[in-house]
Amino acid sequence: MTTNRLLTVSAMRRVDEAAIAGGIPGYTLMRNAGAAVAARARVLAPSGGRILILCGPGNNGGDGFVAGRMLAGSGYRVALQLLGDLGTLSGDAALAAADWQEGGFSVDVAASDDLSSFDLIIDALFGAGLSREIAGEARVLIEAVNRSGTTVLAVDVPSGLDGDTGEMRGGAIAATETMTFVTLKPGHLLQPGRSLCGGLHVADIGTGEAAVEAGFAAVGPASFRNGPDLWQDAFPRPGAQAHKYTRGHALVLSGPAFKTGAARLAARGALRVGAGLVTVVSPTAAMAENAAHLTAIMLRACDSPDDLDDLLTDERLDTVLIGPGLGIGETARDLVAVAASAGRKLVLDADALTSFKGQAPLLAEHLSEGGSAAVLTPHEGEFARLFANTRAVEVGLSKIERTRRAAAIVGGIVVLKGSDSVIAAPDGRAAINDHGSPYLGTAGSGDVLGGLIAGLLAQGMEPFEAACAGVWLHGDAGLRHGPGLIAEDIPEMMPEVLAELLGA
């Protein structure tokens, strides 16, 4: 089973259906889920501690009843409260409730009293498939849980969270940890869901691999949690006979005088991630400024799109990064058109994207004409400008769906940056990155990311894998450095990051 692959809510239903059709009783799956919750609760609560289990009217509540019976049998003092009417429970949830009552335990009506006296609250109110807004008694109860300051273990997802989009449906519990089943769902990784879930745990509940594969088949284009398992086999490793000319040559276009720093940050990222050669392409008026700060990175003059066209007659210059500090307007659009028509691998960021404001189809046309493999790295503002008036910005779409649509529109890889960066390909593949640090939110950080991706492209990685790897490496550098990080630190963290990644 591919453990970093994600299941949507509907695909998870298909897993359950396939498992049951294959002869595994639904109540067995529920008991396995409840057992996983109980096992984690024993870690979070002191032996013999007070545990409150909040159960909802569906199968999520059934998992709570099962966990409660097991915890009570282990000596914990368990109080169980039901949101709704016990008589309305059906199917496996009703069986679980009956088993709880047969043990001599009571079912109390859910109340939003002071909940701070409990050692642990298990949130089994609503699962990932919640299809309505949280309101009324349920919302009051959720707010009481959040006020309590008590450790919270959520079952499947924190109640109120949409399992597909990561959005809150009118309010949601902020969990300490979340126990989900089979695989993660997109909502566990997309914000604000990622922050609400706390620590994530995934339990195998015995569905069997065939049922999981049926779920993957039902989900459509694959989506993943970004990590080395996704791209490490394709990561460039220089052989014994490698030299600088076999490790790729990346060009980074510089902005005008006094706006050159972004390009140098990007170039440093490309060099540190392993590109054999990196050249900053600079306006003549900014040559001295750039030269004063460059050593291993080379420098070439370029004052116009025609000059870039001349430079790209050298086939060894195979990857071009355009955008950081470049300036917005027709010249930037023409530089992109030239590099694309030359068939180069492209990374487009910042001003290169904003220069195509509302003209995503024109950008797509340029990329298509030259057959360029392109990676676009917009933040939310740049994304909104570039894809204005397209189906990528329709109201109600999740971040993963917006990014997928954008990638299909331009015919290239799109990295929609953020604390939950999404990387998507035109064929629908997508990855969500939750491996990062808030300290990466600093000037120039995105420029370095563009350079990392360009450096990996130059070494021969395919665009989707290069984008995923670049985003993860960038995040890992931020996690390792921590407080005080500035953009200049990110390339300098690469030797440490790469040494561990490659086992050097």
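Glycine is no exception: its Cβ is also placed from the backbone N, Cα and C atoms.
Unlike curated entries, TrEMBL annotations are predicted automatically.
The annotation domain 'YjeF N-terminal' is assigned in TrEMBL to 12-213.
Sequence annotations record features per position, and here TrEMBL assigns (6S)-NADPHX binding site to 59-63, 127-133, Asp156, Ala262, Gly325, His379, Asp447. Every protein chain considered, the tally of other Cβ atoms within 10 Å of the Cβ of Asn59 ((6S)-NADPHX binding site) stands at 24.
Here the Cβ of Asp123 (K(+) binding site) has 30 other Cβ atoms within 10 Å, regardless of which shown protein chain they belong to. Here TrEMBL flags Asn60, Asp123, Ser159 as K(+) binding site.
Feature annotation from TrEMBL assigns domain 'YjeF C-terminal' to 227-501.
If you look up TrEMBL, you'll see Lys417, Gly418, Ser419, Asp420, Ser421, Gly446 marked as AMP binding site. Non-local neighbourhood of Ser419 (AMP binding site): Gln191, Arg194, Gly436, Pro438, each in the same chain, at least six residues away, with C-beta under 8 Å from its C-beta.
The binding-site residues Asp156, Asp420 differ in how many other CB atoms lie within 10 Å of their CB, and the one with the most is Asp156.
Checking Cα-Cα distances from Gly446 (AMP binding site) against the binding-site residues (Asn60, Asp123, Ala128, Asp156, Ser159, His379) with a 10 Å cut-off leaves His379, in sequence order. Here Asp123 (K(+) binding site) is positioned 24 angstrom away from Asp420 (AMP binding site), judged by their C-alpha atoms. The CA atom of His379 ((6S)-NADPHX binding site) is located 29 Å away from the CA atom of Ser159 (K(+) binding site).
Across the residues annotated as binding AMP (Lys417, Gly418, Ser419, Asp420, Ser421, Gly446), the widest Cα-Cα separation comes to 14 Å. The binding-site residues Gly62, Gly418, Gly446 differ in how many other CB atoms lie within 10 Å of their CB, and the one with the most is Gly62. DSSP classifies Ser159 (K(+) binding site) as coil under the three-state reduction. Within 10 Å of the C-beta atom of Ser131 ((6S)-NADPHX binding site) sit 8 other C-beta atoms, taking all shown protein chains into account.
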